[in-house]
Amino acid sequence: MSFAGLNDADVAAALAACTAADSFNHKAFFAKVGLAGKSNDDVKKAFYVIDQDKSGFIEEDELKLFLQNFSASARALTDAETKAFLADGDKDGDGMIGVDEFAAMIKG
């Protein structure tokens with residue numbers, strides 16, 4: 001079962017590349033899984049999977065568990081990784097990542 005039309009092998013390789021604490025880089029991860037080359041609709045589908053509470057925003061606690069959306073056995077992000085991910089995506093300063101901010105992170 002693929003995540004938002006992603007190749008399972010690409011996802012596995014991207015997850016393997018960030019198994020060590022503080023090794024996660026969201027830009028590298030998006031590129032490795034092929035999300036950067038997906039349509040806006042696929043990017044939005046990915047957003048809504050990651051938005052676990054369906055609030056319309058990805059909050060810090062959801063980012064911490066980001067990798068587990070791709071594999072239940074994946075590790076949680078460290079606090080430093082989570083904060084860096086949030087800081088890069090949260091362009092309006094509300095402490096959350098909206099769907100347009102998420103799309104800009106992936107396509108940018």
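Heads up, the Cβ atoms here are built off N, Cα and C, so glycines get one too.
These figures come from a predicted structure and were not determined experimentally.
As recorded in TrEMBL, the features of this protein are as follows:
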DOMAIN    38-73  domain 'EF-hand'
BINDING   Asp51, Asp53, Ser55, Phe57, Glu62, Asp90, Asp92, Asp94, Glu101  Ca(2+) binding site
DOMAIN    77-108  domain 'EF-hand'
Lowest local Cβ density among Glu62, Asp92, Glu101, which the record lists as binding-site residues, within 10 Å: Asp92
Average model confidence [pLDDT] within the domain 'EF-hand' (77-108): 96
Under 8 Å by Cβ from Asp51 (Ca(2+) binding site), counting only residues of that chain that are 6 or more apart: Phe57, Ile58, Glu62
Cβ neighbours within the same chain of Ser55 (Ca(2+) binding site) - under 8 Å, at least six residues apart: Met96
Secondary structure content, the domain 'EF-hand' (77-108) (per DSSP, counts of residues): 20 helix, 2 strand, 10 coil
